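Please read the structure below before turning to the comments.
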Amino acid sequence: MKRKIVAVMLASTMVLGLAACGGGDAGTTDTTGGDDATATTEAGGDDADVKEGSSDDENTLTVWTWDPNFNIYAINKAAEIYAQDHPGFKVEVSEIQSDDIETRLTTAVSAGDLSTLPDIFLMQDNSFQKYATNYPDIFTDLTDSGIDFSQFSEAKVAYSTLDGKNYGIPFDNGAVIECLRTDMLEKAGYTIDDFTDITWSDFMEKAKVVKEKTGQPILTSQAGSPDLVMEMLQSCGQSLFNEDGSVNIKDNKALKPILEIYQQMVADGTLVEVTDWDQYIASINNGTVAGVINGCWIMASIVANDDQSGQWAVTDMPKLDDVDGATNYSNNGGSSWAITSNCKKVDLAVDFMNSTFAGSTEFYDDIITKGALSTWAPAGDSEAYAQPVEFFGGDAVYAKIVDFSTKTPSNITGAFYYDARDAVGVALSNIIQSGADMDSEIQTAQETVEFNMGG
Amino acid sequence: MSDQKKKGLSLAKKHNLTGWAFLLPATLLICWMSFYPMIRAFILSLQTGMGVNLNFSGFSNYTRILKDPTFKQTLFNTFFYLIIQVPIMLVLALMFASMLNNKDLKFKGLFRTCIFLPCATSLVSYAMIFRSLFANDGFVNMVLRSFGLSPIMWFGNAWTARAVIIIALVWRWTGYNMVFYLSGLQNIEYSVYEAAKIDGASPMQTFFKITVPLLKPTILLTTITSTNGTLQLFDESLNLTNGGPGKSTMTMSHYIYNTSFVQSPNFGYAAAMSILILIMVAILAILQMKVGDER
């Protein structure tokens, strides 16, 4: 008899163990957190290091975000500043990549169980409309929370606003910058001024000279990634959607000229395509290319290579030649904080946000060293922004970028932003890599998005 | 009363009951973890809408599949992998198995382990390793260069990207199938081979006239599991090529995932596509059984 009992117990622990493994697999997250992350990250039960659900402690808030050097650093710093006036306050940060946060949100809502959500999470601006439209239930409406949204740039607040309701607290800024290697420009007889406030046709000519003199292409791009194309689109105030939400790919005035520029630069050898993100960063750091155009957060990766200190300079991106409303400014990336509907301490969370991300110049002065640029207007006046940065040749790059961001045209994202972005990526990839016909690819992209919206 | 009943239970019945008792936990678990979700998925496939705003709409998701060019593309990709990769892999596995079955071979255990080892690696990590091997400045191109050949942009072209996926799949799964063949081979009496040898049969003849026919049930099993696995291929498509360039290497499962989690979420449509894969797997399995089973 005893044996039987032992056997049953063993068998049941095995079954339970298997079940637990299955559950754990789906939820394990990449937790390669740096020092900043591990400092306040606490293991959350059996599920790797992810803390699920609202915290029981009334002075603790749980947070999901990514990037130890950037977002995690910022939220920990904010907590540190807030704790000075509110002893005992702390945040429990779980490092989760942005797309994993999105998958987790989707899963929680689909399962009808929001109790796994943290108090606060960070969301990419480009995804915000999709989630606010499809799953309004996960957000706490912040419209009348006391946060003064008028102090943030209007275009930025628009990302997290749906039907007049504010669902997010704007955080960092993705103003597009053009970073160039001054030492390589010199070899080609140029200075950074020759690349400031210019048009794409001018840029392409100069890029050819740089290529000729140094052998280096001026730009790098991840094959199939529409980042650069999307940045160029927004620089002329164009979106893949119209105001009424209909798809604006086929009749988009700017898209075809942009694709032609891209195609021409690949043909000239002035734009090199790499396979994945790691190679993209490597191409910047190991001197394969003479420059890069991307959101200002790319600075964090550029400064990672100390050896190149003083060899880089920052300027604005080229603008399109014959398109109405074209500017030298655009945006890529940037994100906003959201307070979930699962948060039991909304007052605390709002007060925390209001005293830091929406109310502390001290806070923004600190995180600027990480390249986290504020979209909160009062922070831009601070002296910290006017400091020269040695890495970029002693230029006051932060003030420059704040200036770019105020001039950036806004764009329309909507719930189907990623569907459209993907479709353009596929078109780009087919045109560049398989030599497909541009017009028919643009037509296909339009049809793909319309098909997805028809479901 | 109860005593009488107990006595009434014959030995055969008792045996049956014990059998059922052993089957019960597994059956319940399968029903709960497998069949119940399947039924829910079918119900979901009859609904349309974005996110959680779902409405019943009959079979409109299924008619929608027929009009979806992306699904057709992923269907083509998946069947391309199936038709090219499965035969290559199974033939290779069979060759390895019969080589390793040779009684005079030394270090048999070592070779067996080496060939089976890829199977023990995680799907994601091996996909990442293959990605870096075949990167523009990766190991494979380095080797090509050292032989004076021009490097290939493996992930830049639809056909080379598909080739990489097939190479990766063959590397990962050949050993797995080989183990099935090895165990099948071990059940074949050695005396049969000896008899063939005495009768003067060449190694080729022994292979085709003895090994293959006697292994038929195993070959059938591996064909069905491989077909099944290839139709549900996901990890390689996502991690190795991310479906690119364009959508030229994307598998059906990857597209289903994108429909649910990358694009604006359309769970009803994703469920409908999953059900369609289920039906395809079932049909192929039945066909293979009909062809392979000659009882």
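Just so it is clear, glycine is given a Cβ too, placed from its N, Cα and C backbone atoms.
According to TrEMBL:
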- B:75-288: domain 'ABC transmembrane type-1' (DOMAIN)
- B:20-39: transmembrane segment (TRANSMEM)
- B:79-97: transmembrane segment (TRANSMEM)
- B:109-129: transmembrane segment (TRANSMEM)
- B:149-171: transmembrane segment (TRANSMEM)
- B:267-287: transmembrane segment (TRANSMEM)
Distal contacts, the transmembrane segment (B:267-287) - CB-CB under 8 A, six or more residues away: 38, 41-42, 44-49, 54, 57, 61-62, 64-65, 71, 224, 227-228, 231-232, 252-253, 255-257, 259-260
Folded-back contacts onto the transmembrane segment (B:109-129), same chain, C-beta under 8 angstroms, at least six residues removed: 96, 100, 168, 171-176, 178-179, 182, 235-236, 238-240
Chain residues outside the transmembrane segment (B:149-171) and at least six past its termini with a C-beta under 8 angstroms from it: 77, 80-81, 84-85, 88-89, 92, 118, 126-127, 130-131, 134-136, 140-141, 230, 233, 236-237, 240-241, 244-246, 248-249
